[in-house]
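The motif 'GXWXGXG' annotation in Swiss-Prot covers 20-26.
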Amino acid sequence: MIEIPSDLHKDLVPLVFLLGDWAGAGVHDFPGAEKCNFGQEVSFTHDGRDFLEYQSHTWVLDNDGNKVRPLESEHGFWRIDANRKVEVTMTRDDGVIEIWYGELADQKPQIDLVTDAVARTAASQPYTGGKRLYGYVKSDLMWVGEKQTPEVELRPYMSAHLKKVVTPEDVERWAKALPDDMPDDGIAFFK
C-alpha cells in the first residue's frame with residue numbers, strides 16, 4: 001500500500017513509492033571483486049523539504065543467508081523536477097561521490113539513472129561511472145546497478161529484490177483505521 005504523507009513536499013509525490021524502509025537480498029558480481037549473495041537494507045525518508053534522504057547498507061551473506069561482513073554503504077539525496085527528471089547526489093563508503101541524473105518513466109514507477117559526475121578519493125578503487133534502474137513491482141522495490149572502470153566496460157554488478165519493512169507502528173495505524181463494524185469472522189470488504 002502506498003500512502004502519501006501529509007507533510008511530504010508536493011514535488012516529491014511522484015517518488016512516494018520509494019518512501020519507507022526496505023530489506024531484501026541480491027547478487028554482487030564484478031570482475032576483480034568477490035562474487036556473492038548480499039543482504040540489503042534501504043531507507044528513503046523525508047523531512048518536508050524538496051528531497052528524499054537515501055541510505056543503503058549491504059553485507060555479504062553466507063550459504064545459509066547469515067551476515068558475514070559489510071559489503072557497501074551509500075548515503076544520498078534524491079530530487080525530482082516538474083518534468084520528471086530525477087537528480088541524485090550520493091556518497092559511498094569506498095571514497096566515491098557521484099551525481100546521477102535520470103528520469104521517472106511515464107505511467108509506471110520506474111527510474112533510470114546514469115552518472116553525470118564522479119569524484120574519487122586516492123584510496124578508492126578505479127571507477128568511471130554507472131547506470132541504475134529502480135522499479136516498484138507488485139509492492140516490491142527492485143533495482144539493478146551497472147558500473148564501469150578503466151579496465152571493464154559498463155556491465156551489471158549488483159541487483160536486489162527488496163520488500164517493504166512493516167513496523168509495529170504501521171500495523172497499529174492500519175488497525176486504528178479499520179471500521180468499527182467489522183464482522184465477527186474478521187473478513188471485510190472495502191469499497
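Keep in mind that glycine also has a Cβ here, set from the backbone N, Cα and C atoms.
If one looks beyond the motif 'GXWXGXG' (20-26) by at least 6 residues along the same chain, the residues whose Cβ comes under 8 Å of a Cβ in the stretch are 37-44, 58, 61, 65, 140-141, 158-165, 167. Helix, strand and coil residue tallies for the motif 'GXWXGXG' (20-26), in that order: 0 helix, 7 strand, 0 coil [DSSP].
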